[in-house]
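Asks: Below are the features listed in Swiss-Prot for this protein:
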SIGNAL    1-18  signal peptide
DISULFID  29-51  disulfide bond
CARBOHYD  32  N-linked glycosylation site
DISULFID  33-53  disulfide bond
DISULFID  44-64  disulfide bond
């Protein structure tokens, strides 16, 4: 049922996995979501509202997932002299 969603997530994770300075993760929140008669979707609760409903077009069932993306290239290199200069000294 969620083959297309799984493929999209796999492609996203595979793309990010090839880069050492990026991290992308997807976690299942332990619940599903469904489309209501009025077109709205049931809420995904838990994890401080990090969970969102992801569903395929035209489907009435979805998965509650939490996604995380971090671009480590925005941070300095750990061997940068500025970091060493800012370190506490004894």
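Placement of Cβ uses the backbone N, Cα and C atoms for every residue, glycine included.
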Asks: Let me know how many other Cβ atoms fall within 10 Å of the Cβ of residue 53 (disulfide bond).
Replies: 19
Asks: List nothing but the one residue from 29, 33, 51, 64 whose Cβ has the fewest other Cβ atoms within 10 Å; the candidates are the disulfide-bonded residues.
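Replies: Lowest Cβ count within 10 Å among the disulfide-bonded residues (29, 33, 51, 64) is 29.
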Asks: How many Å separate the Cα atoms of residue 53 (disulfide bond) and residue 32 (N-linked glycosylation site)?
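Replies: Residue 32 (N-linked glycosylation site) has its Cα 8 Å from the Cα of residue 53 (disulfide bond).
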Asks: To the nearest Å, how far is the Cα of residue 64 (disulfide bond) from the Cα of residue 51 (disulfide bond)?
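Replies: Cα to Cα, residue 64 (disulfide bond) and residue 51 (disulfide bond) are separated by 6 Å.
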Asks: To the nearest whole angstrom, state the Cα distance for the pair residue 33 (disulfide bond) and residue 51 (disulfide bond).
Replies: 11
Asks: Which residues of the same chain, at least 6 positions away in sequence, have a Cβ lying under 8 Å from the Cβ of residue 32 (N-linked glycosylation site)?
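Replies: Set apart from residue 32 (N-linked glycosylation site) by at least 6 residues yet with Cβ under 8 Å, we have 61, 62, 63, 64.
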Asks: Going by DSSP, is residue 44 (disulfide bond) sitting in a helix, a strand, or coil?
Replies: coil
